[in-house]
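To start, the structure under review is shown below, and the notes come after it.
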Amino acid sequence: MILTQLPAEFQAAKPIIETIEAAGYEAYFVGGCVRDTILGKPLHDVDIATSAFPAEVKQLFKRTVDTGIEHGTVMILDHGNGYETTTFRTESGYQDFRRPDQVTFVRSLKEDLKRRDFTINALAMTANGEVIDLFDGLADMEQGILRAVGVAEERFHEDALRMMRAVRFASQLGFTIESQTEQAIADNAALLAKIAVERTRVEWEKLLMGQHPVAGLTGLLTTDLYRYMPAMADQEAMLRQLMALPAWHLPSIESTWTLLSWTMQRTDEAAVRQLLKTWKTSNELINHVTAAIKALMALKHNGQLTAQENFYTGLEALKTANQVATILGFGQDQAQLVQSYASLPIHDKHELAINGGDLLKAKLVTPGPMMGQILAACLQAVVMKQVPNQQDALLDFARMVADSKNH
């Protein structure tokens, strides 16, 4: 196969390959960028593999960075964008099922490609667009099949995360996992527990945000791989619930975890926090999801949100909640929801026209819990449009609240 119309990303990187070839070495575009070009998908990274050893690559270019030189990877900066260029290599000794004990640089493209995970990722392409397919990846791609390169069990022992990558690709591409590859995942599923939670989480999120999530979830269930994911061992029913939803697509990591928390019935704040901490997500994501879940509960039970609920949820978490509510069948009109939020008198407590200093100055309170209570009452009154957000009006209101608390 020869690709005649190469995307601009390849055109920009061609001088790298041409420079390496002019010095007498081989160099190719490899992996996901070749796969995605053939499938007509947008490119993320352009990766180059070469027969030149790292020291030889560095001699050919003026600006390089050793991004992973022990594994043969050098970043070349000579042509604007940085391009990761990796020496052909073989790997051996995977005692931790994650990374090789030994990397050996070689001059053979075939030796390099045969250590890759799946046939559709074991493709190389020349600077002129000629695809080199040594493991029938093109035929598998045409048939929508995900097949391990060589012996599947060996590939999964080299890096157990490849099992998660298999179900993730099934979701993203809508491909079927080939039977021997699927059996090898089932036989070795327990190895996933040896993988860092953060690495598993990235694949899990990508699976759920794929265009064909049911294909990925089916793979998890068929192989029992889900049993070795954090907090998932007893979640078969939840996975089947997700699969039974009408066609759905999750647009963000935030909506992904909101849907998961909801479907796992983790709806109180402590349970949401515990789930997301188990998966080692950021505190920012935890705060977003807890706010979205509260809004989702209100949408489910009341069909709409009060001004106060809008205010405390915040616009981004509101959008997330409504995206998930739409998947679950009780979403609201998104534009209307955004408009309701926009019409709030204020959108942040710091916009309140008075603060503790103003209360002290007006001799309405002394420092202590009462000050916080009065400010909270003022905030609520402004959000509910009971009092305008003006200092004089709020001081009058604060005086009234203080009087009621003193009697």
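Just so you know, glycine gets a Cβ as well, placed from its N, Cα and C.
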Problem - ATP binding, same site as GLY32, ARG35, ASP159, ARG162, ARG165, ARG168 - Swiss-Prot member from ARG63, ARG116 - result: ARG116
Handout entry: Between ASP45 (Mg(2+) binding site) and ASP159 (CTP binding site): CA-CA distance (Å)
Key = 21
Practice task
Sequence order is fine: just name those binding-site residues in GLY32, ARG35, ARG162, ARG165, ARG168 with a Cα within 10 angstroms of ASP45 (Mg(2+) binding site).
Solution key: GLY32
Exercise for the section: Starting from the Cβ of ARG116 (CTP binding site), draw a 10 Å sphere and report how many other Cβ atoms land inside it. Expected result: 21
Practice task
Calculate the distance in Å between the alpha carbons (Cα) of ARG165 (CTP binding site) and ASP47 (Mg(2+) binding site), and round it to a whole number.
Solution key: 18
Practice task
In three-state terms from DSSP, label ASP47 (Mg(2+) binding site) for me.
Solution key: strand
Problem - Residue among binding-site residues ASP45, ASP47, ASP159 with least C-beta crowding, 10 angstrom cut-off - result: ASP45
